[in-house]
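A short write-up of the structure that comes next.
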Amino acid sequence: QCLYQFLAFVPPSNESLRKPGTASVMVDTQRPLTLLLNSSVGDRDLCKIQYHFGEFGNYSLVVKTLSTSNQTVSCDLIINEGPINSYLPILFAFLVYMGILALLIAGRLLMKIDAVRNWVYKKLNPRATDRMINSELGSPNTTDSINCDPAPQSWSSGSRQRLRSLDTFRGLSLVIMVFVNYGGGKYWFFKHESWNGLTVADLVFPWFVFIMGTSIALALGSMLRWGSSKWKILRKIIWRSFVLILLGIIVVNPNYCLGPLSWDNLRIPGVLQRLGFTYLVVAALELLFTRADSGTWEGRFPALQDILPYWPQWIFILVLETIWLCLTFLLPVPDCPRGYLGPGGIGDFGKYPNCTGGAAGYIDRLLLGEKHMYQHPSSGVIYQSTMPYDPEGILGTINSIVMAFLGLQAGKITLFYKDQPKQIMSRFIIWGIVMGVISAILTKCSKEEGFIPINKNLWSVSYVTTMSCFAFILLLLIYYLVDVKKWWSGAPFLYPGMNSILVYIGHQVFANYFPFKWKMQDSQSHAEHLAQNLTATTLWVIISYILYRKRIFWKI
C-alpha cells in the first residue's frame, strides 16, 4: 500500500530517425516492485508490471504502441544481462567456517589418542598444557572471576556446575548482534525490517532481553542463599541499572557520528538504556517476591509451583500490558487515526505521512523531543518517512519488560525443577507452544493483516510473544545439547556470553578502527563487506576467548 513514486520520464520517440525514446534508472532489488506506466496526455495508466529485479541485473522495459486511436500499448520486460548470485559469498563463508570447525574437531579427537597426546605434552610446557586442557571444558570458579558480586550471576552453590547453556544462548545472541551491527555483509535479511515482519537482525535484541531475565532469577536466588540482605541487593540492582543507562547515553551513542556530543541533540533512548531500565523493573519485581528457599510449593496445584506463588507479579505484568494496549489503540494522536500502527511516509498510500509509529512515536516526541530521538529509523528506507522515530522508545519499553519477565519465568523453571531436565524441557516446550499460539492469533499468521502485526520498531505484543516462542525453543535445544547430554561445550559462543557487556561496548566503540574496519576496493561488493564483517565479529570472539582463558570477566 505504498504511494507510487516518480521514477523517470520517457521522452517521445523520434519518428524521423526511427529512434525510440529511452530513460535509464536504477531500481531496488530487495522486494518485488510495481512499475506503472502513465501517459503524459490525459494521465492514463497504460500498463502495470510487477517484477522482482535481481542484483546487478540489466533489464529493458520495451513499450510499443499497438493502436494510436485508443492508446493501446504493449509492455515487455527483457533481460539484457542476468543478475548475479549474491548469495555465493555466504556459501563460501559457511564452507570456510565449517572447515575450521572440522579441523578443531579432528584435533580434539586426535588428542584422545595416547601417542599423539604424549607427543604434544613433550613439545609443550606440561603445566601450561594441563591448565589449557582442564580449562577448555571447565567452568571458571568464583574465586577466579573479577566480579565484585557477593554471588556471581549464574554461579551455582555447592558442587553444582554453572549452566553453560545460558552463557551459550547469550553469546549466540551477542555474536549475531555484533555481526548485524557491523553491516551483515550488506544483505537485506541481516538488516532490520523496515516496518512489519522479521529479519535475522530483529531476533537478537529480544533474545538478549529474554536471557537477562533468566539470569535475574538465578542471580537473585543465589545471592539470597549466600545470605545477602534484600536491601543490599536492591542497592546493587539500582547501581547496575544506573551504570548501564549511563554507558548507553555517554559511551554508546550514535550522535558521535555528528561530532562531539551535544546536549542539544543527545539521543536519550538506546539499547543499553532499555536494558538498564528493564533490568531495574524486573529485578526489583523479582526481589520483592522471591524467596531464599525455592523448595517445593505445597499448594493445590504443584505443577504450577513456578507460577501461582508469584501471582502479584503476573498481575503487575498484565496491568503493564493493558497500559500498552490502551495507549497504543486509544490515545488520540493529532492528525492520525486512533490505533494507527503504520510507518507513515508513503505507506498507506501516503494518507498519514507524519504518523510514523502512531502513539509510540507521538509519546516520544512529546516527552523527549524530536532532537533527542533516533533520527534515521528503518522505516525511512522503504516508506521514506521523515519523522524521527526511536525503536528503543518509551512505550516499547513496557513490552521489553514483559519479554524479560518471560525470560525470568524460564529461570524460575530452571530453579524449581533443578536436577529434573525432563521437567525443565517439557515446560520450555509448553511455554514455547503457548507463546506461538498467541502470536498466531494476534497476527492471523500474516505479516500485514493481523490484529497486531509483528513489529520490532514498535515492540508490539505479537513481536514479544513470537520472540519468546523462539527463545524458549532455542534455549531448550541449547540446554539439551550443552547441559543435559554435554554433546557440545557451548564454544565458541560461550566465551562472548560470559563477557557480554565488554564485547557489546567494545564492538561499538572500536567499530571504525582497524582491524575491525578498513577501506574496501569495491563498496558494492557483498563479498568484501561480508569478509570485513565476519573478520570483525570473529576477532571479538577471539578476544572474549583470550579473556576467558585469563579469567577476566567484566561485570557491572
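Any Cβ shown, glycine's included, is placed from N, Cα and C.
Copied from TrEMBL, the annotated features are:
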DOMAIN    162-282  domain 'Heparan-alpha-glucosaminide N-acetyltransferase catalytic'
REGION    138-159  region 'Disordered'
TRANSMEM  90-111  transmembrane segment
TRANSMEM  169-189  transmembrane segment
TRANSMEM  204-225  transmembrane segment
TRANSMEM  237-256  transmembrane segment
TRANSMEM  271-289  transmembrane segment
TRANSMEM  310-331  transmembrane segment
TRANSMEM  394-417  transmembrane segment
TRANSMEM  424-442  transmembrane segment
TRANSMEM  462-481  transmembrane segment
TRANSMEM  493-510  transmembrane segment
TRANSMEM  530-548  transmembrane segment
Pop the mean pLDDT for the domain 'Heparan-alpha-glucosaminide N-acetyltransferase catalytic' (162-282) in here, whole number is fine.
89
Would you call the transmembrane segment (394-417) and the transmembrane segment (530-548) in contact, using three or more Cβ pairs under 8 Å, pairs 6 or more apart in sequence?
no
Does the transmembrane segment (493-510) reach the transmembrane segment (237-256) with at least 3 CB pairs under 8 A, where each pair is 6 or more residues apart?
yes
DSSP-derived helix, strand and coil totals, residue by residue, for the domain 'Heparan-alpha-glucosaminide N-acetyltransferase catalytic' (162-282)
88 helix, 1 strand, 32 coil
Near the transmembrane segment (530-548), which residues from the same chain, at least 6 beyond its ends, have a CB less than 8 A from one of its CBs?
89-90, 93, 140, 171, 175, 178-179, 182-187, 492, 494-496, 498-499, 502-503, 506-507, 511, 515-518, 520
Under 8 Å for C-beta pairs, could you tell me which stretch among 169-189, 204-225, 237-256, 310-331 has the largest tally with the transmembrane segment (462-481)?
204-225
Which sequence positions outside the transmembrane segment (169-189), separated from its termini by at least 6 residues, show Cβ-Cβ distances below 8 Å to it?
30, 86, 89-90, 199-201, 203-205, 207-208, 211, 215, 474-475, 478, 490, 492-498, 500, 503-504, 507-508, 511, 516-517, 526, 529-530, 532-534, 536-537, 540-541, 544
